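Below you'll find the structure, written out as structure tokens, and then a few comments.
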Ligand SMILES: Cc1ncc(COP(=O)(O)O)c(C=O)c1O
Ligand SMILES: N[C@@H](CCOP(=O)(O)O)C(=O)O
């Protein structure tokens with residue numbers, strides 16, 4: 001492959017790159033296909049395409065035997081979820097002070113959050129039971145995911161969302177996928193209570209994390225991370241905690257890998273809650289027997305706005321099985337950590353950034369050693385909450401000045417020079 005000027009034919013040498021040639025012409029990429037065997041190439045493309053078009057190309061259904069072996073293939077409702085990136089970033093390592101930090105970007109799932117790993121399984125199960133009406137209550141990610149899979153399954157979705165403290169982007173995504181959305185006064189916790197009481201009267205299949213098939217699907221997140229890392233997991237795995245489905249699935253998935261002998265050492269798990277919605281952390285820190293629900297949970301990381309996590313008992317099992325710990329972090333630390341993750345090029349929504357904020361705090365309290373290795377699960381996409389982005393960035397004086405200058409003076413060399421050269 002080489003870069004050749006379309007006007008004068010000049011070729012750049014290997015490693016050189018430019019857009020324009022010295023003569024002014026644009027460069028074009030020219031391949032040399034003479035070495036290829038066209039039939040072999042076709043076979044290769046075909047193999048890759050056919051793998052992509054089967055349910056087993058999904059990063060969830062690849063592990064069907066460990067998740068839902070009995071499900072007939074024709075009931076699988078998939079959007080080739082999973083197969084999300086595992087990254088290591090120098091800036092995140094510097095921010096947390098830890099030598100080796102991996103982040104797994106579940107934000108790269110088709111609906112933009114880790115919920116897809118579980119939702120593909122829950123909706124497939126509902127389909128196998130011949131349900132045509134699915135439901136959830138949600139701060140917006142569960143509902144976006146459900147609405148997407150229900151539409152793929154040619155079924156209806158009915159979604160209950162709190163009327164405040166959630167991100168409008170997620171509600172719009174849910175609506176756009178075709179769900180019928182009911183907005184109610186209260187929190188996720190009230191929505192779950194309603195569905196637990198009335199869903200069967202209404203003939204609805206519930207896709208929240210009280211549904212164990214959701215949890216089974218979410219186990220695939222840790223299977224995939226382990227597979228990418230050649231079955232050698234880091235010392236610590238960190239997840240944000242809201243309803244605690246992720247923490248529960250993580251514990252189960254780790255136990256599966258350990259029982260099967262895929263891993264020979266159990267990593268430790270840290271569950272991070274936002275300070276304003278941290279009933280589980282309080283339960284653990286105060287060594288209580290029963291969770292005391294938080295009646296008015298509030299955090300800017302709106303996906304974590306949960307006062308009565310349904311899976312708290314299951315999440316305790318995760319802590320027990322992994323010698324795990326919990327921590328809570330204030331919103332300011334979550335938002336600062338989010339800015340670091342965004343600038344690293346990976347990006348995430350606020351709830352996901354609780355992991356990196358939590359890690360930084362655990363390191364400063366010497367509960368995690370700088371020499372230990374860590375995997376953080378980033379749960380949702382940065383565009384899920386643009387209100388938070390707007391406040392964080394345009395509240396900042398330099399960006400605000402830049403925006404105003406452009407609006408008032410337009411795009412000229414002098415306007416731009418002062419931001420790039422004169423600063
Ligand atoms: C983006 C995001 N991160 C984290 C969480 C919390 O996960 P869990 O409820 O499984 O504890 C949620 C919602 O549940 C979420 O939507
Ligand atoms: N943040 C979640 C709330 C938890 O929902 P669940 O489906 O895991 O019970 C959301 O996206 O709604």
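Any Cβ shown, glycine's included, is placed from N, Cα and C.
Of all Cβ atoms in the protein chains displayed, 31 besides its own lie within 10 Å of the Cβ of residue 141 (pyridoxal 5'-phosphate binding site). Residues or ranges marked as pyridoxal 5'-phosphate binding site by TrEMBL: 141, 242, 243, 244, 245, 246, 379.
Per TrEMBL, domain 'Tryptophan synthase beta chain-like PALP' is recorded for 77-380. Predicted-model confidence for the domain 'Tryptophan synthase beta chain-like PALP' (77-380) is 97, expressed as mean pLDDT.
According to TrEMBL, the N6-(pyridoxal phosphate)lysine annotation covers 115. Using a 10 Å radius centred on the Cβ of residue 115 (N6-(pyridoxal phosphate)lysine) and all shown protein chains, the other Cβ atoms total 35.
Summary of the pyridoxal 5'-phosphate site environment: with the site residues 141, 242, 243, 244, 245, 246, 379 set aside, the chain residues having Cβ atoms within 8 Å of the Cβ mean position are 114, 115, 209, 240, 241, 247, 303, 304. All protein chains shown were included, and the count of other CB atoms within 10 Å of the CB of residue 246 (pyridoxal 5'-phosphate binding site) stands at 28. The binding-site residues under consideration are 245, 379. Their Cβ neighbour counts within 10 Å are lowest for 245. With respect to ligand 2, the binding-site residues 242, 243, 244, 245 contribute 242, 243, 245 as residues with a C-beta closer than 6 angstroms to one of its atoms, given in sequence order.
Proximity of residue 244 (pyridoxal 5'-phosphate binding site) to non-local residues of its own chain (separation of 6 or more, Cβ distance below 8 Å) is seen for 209, 271, 280, 309, 310, 311, 312, 314, 315, given in sequence order.
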